[in-house]
Amino acid sequence: MNDRTEAVKAYLLDLQDRICAALEVEDGGARFVEDAWTRPGGGGGRTRVIENGALIEKGGVNFSHVHGDSLPPSASAHRPELAGRSFEALGVSLVIHPHNPYVPTSHANVRFFIAEKDGEEPVWWFGGGFDLTPYYGAEEDCVHWHRVARDACAPFGAEVYPRYKEWCDRYFHIKHRNEPRGVGGLFFDDLNQWDFDTSFAFMRAVGDAYLQAYLPIVQRRKATPFGERERQFQLLRRGRYVEYNLVYDRGTLFGLQSGGRTESILMSLPPQVAWGYDKRPEPGSPEARLTEYFLQDRDWLAAAPA
């Protein structure tokens with residue numbers, strides 16, 4: 001492992017520690033349980049799961065560092081020149097499923113790939129982002145989430161936030177439902193057009209922004225009263241989350257195809273979920289407003305104060 005990979009690994013381990021500590025404080029009840037694991041094909045990781053807390057029904061913050069002799073199809077399909085290269089993949093990936101339907105589900109991921117072949121220059125890239133999936137949307141929350149995303153991108157150029165915001169909208173789209181998974185945020189992949197230090201700094205900016213984006217929303221919503229109606233709608237909407245993750249998510253597919261640890265890969269799935277045949281919210285209801293207003297490709301900062 002070279003110095004660059006060591007630096008990325010040290011940052012990711014620290015990021016996992018910081019996020020887990022902050023979420024434990026916010027929950028106030030449950031604590032993360034760590035499961036350190038090794039991958040037979042090379043590498044390993046630290047899976048941390050929190051369940052049945054005062055705030056978090058289920059959450060996972062996973063660090064992994066895996067390596068192998070060749071990239072799986074999910075990673076090389078759009079970069080065929082990488083076929084046959086050995087690889088190292090490091091990342092932190094997290095999903096938080098709160099119990100209260102008024103607190104959105106959040107997802108974040110930052111990762112680094114390096115692919116090598118004897119006699120050729122290494123090929124490396126960064127990826128990551130964060131996105132928000134509300135069940136009962138609040139415009140204030142969407143604006144805050146996107147403002148933090150914009151501010152994280154700002155030192156790297158005015159064009160960066162719009163580019164990765166739009167990519168997030170496209171990436172987290174449930175094609176068979178023709179609807180977004182949530183209200184978006186940032187998504188980037190194959191980032192190597194800058195030099196290594198700048199690219200690494202951008203990944204850190206995104207990783208560090210997650211708590212700044214999510215915790216104020218949690219603090220605003222976690223005491224909101226709810227009943228069985230809201231809970232059942234949350235479970236139905238979680239079904240969309242499961243559909244997306246198992247059918248489209250590149251990280252999930254990469255993990256499964258590369259012989260990754262199934263329990264860690266599938267930690268993103270909610271603990272309870274429901275499907276109903278052709279369930280549609282009542283017109284004019286708060287539930288209908290989710291899809292009619294919030295689950296649209298929208299510039300949340302257009303009308304918001306700077």
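Keep in mind that glycine also has a Cβ here, set from the backbone N, Cα and C atoms.
Marked as substrate binding site by Swiss-Prot: SER93, ASN109, VAL110, ARG111, GLY259, GLY260, ARG261. For HIS97, HIS107, HIS146, HIS176, the entry in Swiss-Prot reads divalent metal cation binding site, with the evidence type sequence analysis. What Swiss-Prot lists as active site, proton donor is HIS107. Look at Swiss-Prot and you will find HIS176 tagged as site 'Important for dimerization', backed by sequence analysis. Annotation comment: Swiss-Prot describes 241-276 as region 'Important for dimerization', evidence class sequence analysis.
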Per DSSP, three-state class assigned to HIS146 (divalent metal cation binding site): helix
Number of helical, extended and coil residues in the region 'Important for dimerization' (241-276), per DSSP: 22 helix, 0 strand, 14 coil
Candidate with the highest Cβ count within 10 Å, taken from the binding-site residues GLY259, GLY260: GLY260
Cα separation, ASN109 (substrate binding site) to HIS97 (divalent metal cation binding site) (Å, whole number): 15
Fewest other C-beta atoms within 10 angstroms, as judged across HIS107, ARG111, HIS146, HIS176, ARG261, which are the binding-site residues: HIS176
HIS107 (divalent metal cation binding site) versus ARG261 (substrate binding site) - Cα distance in angstrom: 19
Other CB atoms, at most 10 A from the CB of SER93 (substrate binding site): 25
Rounded distance in angstrom between the Cα atoms of HIS146 (divalent metal cation binding site) and GLY260 (substrate binding site): 32
Cβ-Cβ neighbours of ASN109 (substrate binding site) (radius 10 Å): 23
Inter-residue C-alpha distance, GLY260 (substrate binding site) and HIS176 (divalent metal cation binding site) (nearest angstrom): 27
